[in-house]
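Participant: First, the structure itself, so that you have it in front of you.
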């Protein structure tokens, strides 16, 4: 399922209150100021929707499924706050660009341009991107953050930011879980085989970072939330850097 905020499908992307089910953080802990200075919350028509990462003063990276097919005018982002409902700086969008090869769950990234510039400083910073062509190493630790649901099918989403650390899962293992064709080289997987820790509805588009706090991916999709033997699936920044660099 996708991981924006809503409940409809079981295998799709991860956003908030929409026609597809999207993940929140399951099995996580509260984030502290400064943990993710580049994270933004994305609301749609005033309600929780997705997450994203601030790349510079005018640009946010999120999942394509968070914005594809929806009116640009309905979106607002909030930066510089652990709360998705107050504090920080807000901006509407001036433009949306979805990856030109976005299809199904593949190439699931979009670039959002902001109507209001957001300077760095205080609790706000810009994401450091994984190198072009890089691929997260299986077994290494990664941390994902968001305001999504804390359980699969959960009807409420947290106001304050949560985070959870999970290991990178090899592409071979992830393909065994989902099927060879479902997991492309533009994706990577992370999760605990026993379940209990994952992104969930409402976390879509939000950041997953490596141990150096480098942005390696965006929350994309999965089979439910935190189920045993089903990893969370992420759009790969390293594999999709050319798109990001062209439009950021």
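Every residue number used here counts from 1 along the chain in the order it is shown.
Glycine is no exception: its Cβ is also placed from the backbone N, Cα and C atoms.
So Swiss-Prot lists the following for this protein:
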SIGNAL    1-17  signal peptide
DOMAIN    25-248  domain 'Peptidase S1'
DISULFID  50-66  disulfide bond
ACT_SITE  65  active site, charge relay system
ACT_SITE  108  active site, charge relay system
DISULFID  174-189  disulfide bond
SITE      198  site 'Required for specificity'
DISULFID  200-225  disulfide bond
ACT_SITE  204  active site, charge relay system
Participant: Among the recorded positions 50, 65, 174, 189, 200, 225, which ones place their C-alpha within 10 angstroms of the C-alpha of residue 108 (active site, charge relay system)?
Facilitator: 65
Participant: Quick check on the disulfide-bonded residues 174, 189, 200: which one has the highest count of other Cβ atoms within 10 Å of its Cβ?
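Facilitator: Of the disulfide-bonded residues 174, 189, 200, the highest Cβ count within 10 Å belongs to 200.
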Participant: Just give me the nearest neighbour of residue 204 (active site, charge relay system) among the recorded positions 65, 189, 225, Cα to Cα.
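Facilitator: Nearest in space to residue 204 (active site, charge relay system), counting only the recorded positions, is 65.
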Participant: Cα-Cα separation of residue 189 (disulfide bond) and residue 225 (disulfide bond), in Å?
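Facilitator: So the Cα of residue 225 (disulfide bond) lies 13 Å away from that of residue 189 (disulfide bond).
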Participant: Judged by the number of other CB atoms within 10 angstroms, which among 50, 66, 108 is the least packed of the recorded positions?
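Facilitator: Lowest Cβ count within 10 Å among the recorded positions (50, 66, 108) is 108.
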Participant: When you rank 174, 200, 225 by Cα distance to residue 66 (disulfide bond), which of the disulfide-bonded residues ends up on top as the closest?
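Facilitator: Nearest in space to residue 66 (disulfide bond), counting only the disulfide-bonded residues, is 200.
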Participant: Three-state secondary structure of residue 200 (disulfide bond) from DSSP?
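Facilitator: The three-state answer is coil.
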Participant: Determine the Cβ neighbour count for residue 225 (disulfide bond): the number of other Cβ atoms within 10 Å of its Cβ.
Facilitator: 32
